[in-house]
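Shown next, in structure tokens, is the structure this report addresses.
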Amino acid sequence: MITYVDAAAKARRTPGVIPLHGEEGFAGMRKAGQLTAQALDILTEYVEPGVPTATLDKVAYEFARDHGAVPATLFYKGYRHSLCTSLNHVVCHGIPDERPLREGDIVNIDLTLIVDGWHGDSSRMYPVGELSRKAERLIEVTYECLEAGIAAARPGNHTGDIGAAIQALAEGERMSVVRDFVGHGLGRLFHDEPNILHFGTPGTGPEIKPGMIFTIEPMINLGRPHVKILSDGWTAVTRDRTLSAQCEHSIGITETGCEIFTSSPAGLFNPLAARAAN
Ligand code: MF3
Ligand code: CO
Ligand code: CO
């Protein structure tokens, strides 16, 4: 059974209880989402061959500090960094380190900034120099998957409609959807109800209602969907070592559709498309 409660009355995650936010929540998420998007825009300039992912972490840490925000991942469940950097066959939760980026790499940067208690969670794919055609194609399809999921995120639909739209698109391109990680409700909490699966059956799952706030963050693989976690306890990689891509927005359900809180002020949400346009 699914129940819905006024978010103001809900202080911690309760399984099966989905908070519904009012104007205060939407205003808070707008501000947090826009600051996160601004940081991801700035990071575009730093992603280049020779740059270690630790530099991206430092840029995000200093940006947050200078803007009165706190990176949500810092000291989250023992994680010690301001963002995640997931390179090539890394699916998600890649840890920034001193290894330099190389021409042809694809890297996902996933950042969550807390502003006035609200969490803005977003990730994008950044190309390092020139990419192979198959890496470009993977990134294109992953962005299309997120767009298809967002188009299905409206009142009257069910969460399963979001997953079904994403799965149909990815598998239609002979790519696969990772099952082990899901989108999530968020707000004053980093991870709240509902879970948003990126695969599934239309009409299943909780009904989508105005006031819900959650992420959609599909992870798409060129090969098979299976992942394993490395011995660091965080890094998730594809078992078959094929390339993986992800992109993520935080959204709020309105009366007619949804509002995207983490859209890019500079139009850089898909850096590959932005580069092609120039
Ligand atoms: N930002 C990730 C998400 O989209 C969560 C990262 S948790 C971490 O939900 F600890 F791995 F950083
Ligand atoms: Co994220
Ligand atoms: Co997320």
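Just so you know, glycine gets a Cβ as well, placed from its N, Cα and C.
According to TrEMBL, the substrate binding site annotation covers HIS93, HIS191. Taken from TrEMBL, the feature divalent metal cation 1 binding site covers ASP110, ASP121, GLU248. Residues or ranges marked as divalent metal cation 2 binding site in TrEMBL: ASP121, HIS184, GLU217, GLU248. Sequence annotations record features per position, and here TrEMBL assigns domain 'Peptidase M24' to 28-255.
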For the divalent metal cation 2 site built from ASP121, HIS184, GLU217, GLU248, further residues of that chain with CB within 8 A of the site's CB center: ASP110, SER122, SER123, GLY183, LEU186, PHE214, THR215, ILE216, HIS249, SER250
Tertiary neighbours of GLU217 (divalent metal cation 2 binding site) (same chain, Cβ under 8 Å, six or more apart): ASP121, SER123, LEU146, PHE181, GLY183, ILE196, HIS198, GLN246, CYS247, GLU248, HIS249
Protein Cβ atoms within 10 Å of HIS93 (substrate binding site), excluding its own: 21
Mapped DSSP class for GLU217 (divalent metal cation 2 binding site), helix or strand or coil: coil
Neighbour-count leader, CB within 10 A, binding-site residues: HIS184, HIS191: HIS184
C-beta crowding around GLU248 (divalent metal cation 1 binding site), within 10 angstroms: 21
Where the C-beta lies under 6 angstroms from ligand 3, the matching binding-site residues among HIS93, ASP110, HIS191: none
Binding-site residues compared (ASP110, ASP121) - highest count of Cβ atoms within 10 Å: ASP121
